[in-house]
């Protein structure tokens, strides 16, 4: 989930680019549902033996009626049934679409590791201030076995869900259906449906599912009651969703495009993200990482309609560190060379992501709502509406500081929340997030992974065979 950079982001009517809206298609045909696991069938065979005389024939006839047949040695054996038997699904097997909770598959809670990368030699004698030293010690203390188990479980949920999603994210599918598949899969695999009070805080979705088309760079999700949006052949779709287990958030994103004309755009962004992951590490300077990302990203160009267009790194979004139950920490990793003295530190968790665009390389707020986030330290003194107080209680008990969407509220059965939400927003208790767009006609791609900076290695926890 992309984080806004302090500079370069353009808001409101004075933005450099004209207003645009997310393209929508109404009443499209629904795609066929994905098939489940194929069940094998075992067929039985019948074997009959005849005797030499009438007595034997009569005996065999009686045996046939009783369901017993003789062997060659004269001993009787039971006749095989013609009934077809279903092959049982073995334990530890996932379904298609994925709906079996991971604790039911990984009984010992030994989830797959991410990609383990050893650190290059570094200077362990670097001096840090006392405050930094205390922060390091706290972070390392928290990076225990439970921490790794939670993170690896969340990462495996992400891998299994996105593997299925990649198979159905084809032209003709509705964005609402794609979001439903992602969210249903995450809830099923974590084993937490998020309906009972507090259940969504134990494990589940870490923020609203992002499904951003073309010039929409980030923060767009289908909302209940809105016009349906259908994926088309010439679309560039960014799929960004997060999974958490006990507040340990895995944030990972990828881009799909059916038209091969955009292959170079996707290649550029994937290469830039992998460069950021390669350079990330303990004591790594963030300005150096940003410069390396930009150099790789902007070495590519895309040919569209016979015109070569350079790929530009977005200047208004950044990667970010992740805290427990908070998708955005205080550190940012821009995609362009920047002046900062910040370094990555031991115990940090980072979402290393990059966005590349064929447009201007800047984003602005678009009309619409992506999601909501609680300002945990905001005063509630001016809150008078009963509906707002009730909604605030629901938000605190079920989402805390996790970002959520209208769809998540309605999944819990919350109704008539619009007036209360407006009151919470006007009192600065809840922040509203809008879609972020580049200029109309441009195309933006995104790739993202979560990396843990462990004491002796970095673990790209969300890495899979796909990206």
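From the backbone N, Cα and C atoms, a Cβ is placed for every residue, glycine too.
It should be emphasised that the depicted structure is a prediction, and the values quoted were computed from it without experimental measurement.
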Given Swiss-Prot annotates 240, 251 as divalent metal cation 1-binding, which of 448, 459 belongs to that site as well?
448
Given that Swiss-Prot assigns 251, 353, 448 to the divalent metal cation 2 site, pick the one from 219, 288, 320, 411 that the record assigns to that site as well.
320
Out of 240, 251, 320, 353, 448, the binding-site residues in the record, which is closest to residue 328 (substrate binding site) when you go by Cα distance?
320
Binding-site residues listed as 219, 320, 328, least Cβ neighbours within 10 Å:
328
What's the CA-CA gap between residue 240 (divalent metal cation 1 binding site) and residue 219 (substrate binding site) in angstrom, rounded?
9
Between residue 320 (divalent metal cation 2 binding site) and residue 251 (divalent metal cation 1 binding site), how far is it from one CA atom to the other, in Å?
10
For residue 448 (divalent metal cation 1 binding site), write down the residues of its own chain that are at least 6 apart in sequence and whose Cβ falls under 8 Å from its Cβ; none is a fine answer.
240, 251, 252, 253, 254, 273, 319, 351, 352, 353, 354
